[in-house]
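Visitor: Got a structure for you, questions after.
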Amino acid sequence: MAMALKLLKQLRGPSTTTSTILYRNLRPRFSNLRSTIRLFSDAPLSEPLTTPPHQNPHSPSPSSLNQYELAKFAAIAETWWDSEGPFKPLHQLNPTRLAFIRSTLCRHFGRDPLSPRPFEGLKFVDVGCGGGIVSEPLARLGATVMGVDAVEKNIKIARLHADLDPLTSTIEYRCTTAEKLVEEQKNFDAVFALEVIEHVADPAEFCKSLAALTVPGGATVISTINRSMRAYATAIVAAEYLLHWLPKGTHQWSSFLTPEELALILERASISVQEMAGFVYNPLTGRWSLSDDVNVNFIAYATKIKTAHL
């Protein structure tokens with residue numbers, strides 16, 4: 001129990017952060033990319049050059065699909081909307097993810113963040129939508145939403161749940177992949193891949209598909225877990241083995257990307273990261289909040305370069 005409490009404190013990260021300290025610590029690592037990234041409460045930074053990780057060995061093909069990961073999530077598909085089940089951490093994290101999305105995309109598209117439906121008239125795609133826990137609130141915010149997932153069980157659960165509410169019954173759910181949508185020449189104003197990229201076989205190819213789906217000048221939002229020692233201690237050891245928040249084996253530390261690696265991969269796909277924020281968990285309140293601390297969970301908002309030709 002003492003070990004669990006110690007790791008929970010690590011989840012919270014530093015009790016205070018300052019823009020001056022953050023800028024000084026990150027600036028050397030963010031100096032080589034052309035794009036600039038504005039962290040949650042910081043001034044723009046320049047970005048990193050690091051080598052992307054090796055392709056996940058579980059995948060038998062060059063596709064971004066990882067069959068091992070698909071089977072893993074298919075086994076727990078029925079629990080997507082059980083807020084006390086295996087996806088409880090995502091349910092708890094969801095309001096904070098949506099707060100970041102609403103703030104950045106209202107600014108990006110020039111929409112009123114106080115409007116009940118600020119994304120009216122915009123087309124969004126939620127790649128790796130699972131049971132639809134992000135697709136549904138995006139639809140309620142006015143967007144025309146397509147949710148795609150390679151696990152058929154996830155899509156069935158998502159459709160059943162969406163049909164319970166007239167505001168979400170309009171979501172188009174499809175059992176397909178980002179690559180297949182690219183082949184169909186689909187385009188969207190904003191593309192989302194939340195807690196997905198750490199489960200694909202080839203992050204670089206996956207990001208190329210996300211870029212191809214994003215209209216020039218559109219937005220791409222990705223959230224994932226940093227490949228740091230603190231992330232290993234909290235997101236794997238604590239969350240999976242000590243606290244049992246997640247099924248054992250949910251995450252592979254070697255499949256995580258650092259913020260620098262993600263920014264570089266996106267840059268190579270003509271996607272420029274504009275802002276990053278970390279998610280920090282408070283074990284006393286059971287709530288997540290946005291932070292400059294990107295050592296464990298983080299989210300990135302990026303834009304498709306208008307002159308890009310993929």
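Keep in mind that glycine also has a Cβ here, set from the backbone N, Cα and C atoms.
Pulled these from TrEMBL:
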REGION    44-64  region 'Disordered'
BINDING   ARG97, GLY128, ASP149, LEU194  S-adenosyl-L-methionine binding site
BINDING   GLU195, GLU198, HIS199  Mg(2+) binding site
Visitor: Write out the long-range same-chain contacts of ASP149 (S-adenosyl-L-methionine binding site), meaning residues 6 or more apart in sequence whose Cβ is under 8 Å from its Cβ.
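Guide: For ASP149 (S-adenosyl-L-methionine binding site), the qualifying residues are GLY128, CYS129, GLY130, ILE155, ALA158, TYR173, CYS175.
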Visitor: Using a 10 Å radius around its CB, how many other CB atoms surround GLU198 (Mg(2+) binding site)?
Guide: 23
Visitor: For the C-alpha pair, I'd like the distance in angstrom between ARG97 (S-adenosyl-L-methionine binding site) and GLU198 (Mg(2+) binding site), rounded off.
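Guide: If we compare the Cα positions of ARG97 (S-adenosyl-L-methionine binding site) and GLU198 (Mg(2+) binding site), the gap is 17 Å.
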Visitor: Enter the number of other CB atoms within 10 angstroms of the CB of GLU195 (Mg(2+) binding site).
Guide: 21
Visitor: Among ARG97, GLY128, ASP149, LEU194, which the record lists as binding S-adenosyl-L-methionine, how far apart in Å are the two most distant Cα atoms?
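Guide: In whole numbers, the farthest two Cα atoms are 19 Å apart.
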